[in-house]
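> So TrEMBL lists the following for this protein:
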ACT_SITE  B:129  active site, acyl-thioester intermediate
ACT_SITE  B:249  active site, proton acceptor
BINDING   B:12, B:13, B:14, B:15, B:40, B:41, B:159, B:160, B:323  NADP(+) binding site
BINDING   B:100  phosphate binding site
BINDING   B:156, B:242  substrate binding site
DOMAIN    B:5-120  domain 'Semialdehyde dehydrogenase NAD-binding'
């Protein structure tokens with residue numbers, strides 16, 4: 001297998017550092033790795049798996065000779081540099097929302113739609129974190145039983161808003177008595193005008209609002225799910241909420257299947273043998289997925305599977321994964337592995 | 001108006017202390033007030049609104065001469081003493097789950113079904129906290145537009161598990177680095193065998209599991225909602241989750257109405273003028289309900305109202321209230337006020 005030259009744009013960020021760790025941990029066949037970030041971070045030293053790396057400023061020439069470039073520095077940086085990278089011959093795996101809904105750019109979760117990779121012309125989009133874990137858990141069900149409807153409510157961690165948001169949660173959490181007046185500078189969204197403490201709170205806003213009343217995060221879940229499943233008739237609706245968790249998004253997913261005669265045990269059996277999924281579903285042992293224990297783990301954890309008492313085709317499940325790993329860095333590295341294996 | 005003799009059973013608990021505060025704050029017409037608790041708490045001094053009270057042990061004779069007895073000391077204490085109180089002529093307002101689903105015992109939220117009070121024979125049940133805020137927000141919609149379906153996911157505060165659970169959250173929250181191994185002794189439920197940290201976590205279990213895979217908390221929401229709305233055909237399903245919030249339950253409620261031609265503005269108008277509700281629904285100003293700011297407030301806050309993009313009759317809303325107040329103590333005191341006003 002040919003070893004490739006890799007670049008990570010946004011290498012100092014919450015996701016960028018995890019991409020580097022996953023590449024090293026999974027022995028991705030690299031000839032070289034270039035860590036790129038803003039001018040401000042140039043010269044910074046990053047240590048991962050015992051190795052030291054020096055961060056460079058991102059400029060168009062950074063991509064000369066690069067085979068695979070991971071982008072995770074925000075939509076604006078992607079819009080600025082992705083075409084520079086592609087023009088220089090790199091395949092871009094973009095972890096921002098910049099290209100996800102562009103019709104001819106594949107939006108890929110390797111466990112769900114790896115075949116979409118074949119249609120790429122230089123750019124592959126990594127879906128939003130909250131979408132990835134949902135479609136990974138739904139795919140084995142969709143494949144065997146048909147899927148007609150999804151209603152999801154999320155419980156999302158602060159790490160999705162970057163390393164600074166983790167620091168803010170830690171600071172606020174230590175100030176219990178003053179919780180309602182704790183200083184807040186980051187959440188719900190940097191693009192907004194108001195900031196609220198996240199410690200001891202639940203904020204029903206992630207990203208900005210659309211004129212429909214939905215947030216962009218909710219629209220990402222709705223639109224990306226339809227694109228990944230290639231089914232515009234699938235009914236999807238979402239409510240996205242930030243809660244005081246460090247890393248690990250939880251999702252309360254209601255879904256309706258097409259098959260009329262399905263038991264909870266049938267669905268458990270499908271998920272038990274599905275790639276990327278760990279079934280944690282034993283109420284007798286109080287065993288179910290929890291964000292606190294998903295932090296640092298690769299799997300999508302699924303539990304609390306049960307039938308809607310009033311709808312024959314309706315089910316609930318509770319799905320948890322580390323939003324920085326399967327929700328972002330791991331999924332991107334898996335996409336790169338698919339590309340390499342195809343070429344190999 | 002005749003002044004009445006009042007007793008509070010469980011007066012030292014999270015809800016009991018709030019019942020006392022609300023009685024005083026709302027100038028409930030009391031001739032006397034007796035604070036009752038376990039033998040262990042007898043002699044304890046409680047201060048509320050500048051007045052001092054001494055706690056007494058609950059014995060059958062405690063209820064001699066009592067007109068209204070609030071019970072909030074757990075289902076077992078209610079089963080032991082409620083009939084003693086009723087036999088001695090008291091009307092009991094019970095805040096436990098002991099009698100809620102008993103067919104001839106009214107389950108009352110004054111903004112929703114005050115007429116049910118007329119059918120009581122000594123016991124009135126106060127619904128579960130998570131049910132109260134949901135039916136309060138749904139009632140104005142149900143009344144005008146018809147209601148056919150509800151799917152709810154909750155984000156519940158620790159105060160619902162008692163004062164000790166608040167202390168445990170505070171302690172764990174200060175131990176950020178060791179979050180995955182923090183000591184846990186209370187949650188998810190005292191009746192279980194395993195305990196998990198709640199700080200920096202989301203626990204998808206409140207109360208014990210039923211053989212259906214639902215928790216008792218979820219079944220309470222399902223069954224109580226049907227009873228309060230007197231509609232067994234109403235489709236209701238629930239997922240109940242504990243999150244690291246002190247007091248203030250949040251609920252992501254999806255609902256379908258019967259009326260075909262309803263806008264978000266129609267629903268906002270209904271809720272804006274509804275009793276007990278404060279509408280906080282202005283995305284442009286990032287205005288929506290949040291648990292951290294509902295703590296200590298009487299209202300049920302409603303926001304994030306929006307239409308399901310794929311279902312003409314489907315809507316979402318985000319409903320928050322202080323689970324110790326409208327979710328428990330305030331609702332009980334309002335029931336007592338209804339009783340008094342009827343008699344007066």
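Even glycines carry a Cβ here, placed using N, Cα and C.
Have a look at these and tell me how they're positioned relative to everything else.
Its own atom aside, the Cβ of residue B:129 (active site, acyl-thioester intermediate) has 28 Cβ atoms within 10 angstroms in the protein chains shown.
According to its DSSP assignment, residue B:249 (active site, proton acceptor) is in a strand.
The number of other Cβ atoms within 10 Å of the Cβ belonging to residue B:159 (NADP(+) binding site), over all protein chains shown, comes to 25.
The 10 Å shell around the Cβ of residue B:100 (phosphate binding site) contains 22 further Cβ atoms across the protein chains shown. In three-state terms derived from DSSP, residue B:100 (phosphate binding site) belongs to neither a helical nor a strand segment and is classed as coil.
The Cβ of residue B:156 (substrate binding site) lies under 8 Å from the Cβ of B:129, B:130, B:206, B:217, B:240, B:241, B:242, B:243, B:245, B:249, B:250, B:323, each of which sits 6+ residues away along the same chain. In this structure, residue B:156 (substrate binding site) is part of a beta strand by DSSP.
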> Distance check, please: Cα of residue B:12 (NADP(+) binding site) against Cα of residue B:100 (phosphate binding site), rounded to an integer number of angstrom.
23
> In terms of DSSP three-state secondary structure, what is the assignment for residue B:12 (NADP(+) binding site)?
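Where residue B:12 (NADP(+) binding site) sits, the three-state DSSP reduction gives coil.
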> Near the Cβ of residue B:40 (NADP(+) binding site), how many other Cβ atoms are there if near means within 10 Å?
10
> Other than its own, how many Cβ atoms are within 10 Å of the Cβ belonging to residue B:323 (NADP(+) binding site)?
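Residue B:323 (NADP(+) binding site): 30 neighbouring Cβ atoms within 10 Å.
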> Max CA to CA distance in Å over the NADP(+)-binding set B:12, B:13, B:14, B:15, B:40, B:41, B:159, B:160, B:323?
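Farthest-apart Cα atoms in B:12, B:13, B:14, B:15, B:40, B:41, B:159, B:160, B:323 are separated by 26 Å.
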> What is the interatomic distance between the Cα atoms of residue B:159 (NADP(+) binding site) and residue B:100 (phosphate binding site), given in whole Å?
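Cα-Cα, rounded: 21 Å.
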> Do me a favour and check the Cα-Cα span between residue B:100 (phosphate binding site) and residue B:40 (NADP(+) binding site); whole Å is fine.
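Spelling it out, the Cα of residue B:100 (phosphate binding site) and the Cα of residue B:40 (NADP(+) binding site) are 28 Å apart.
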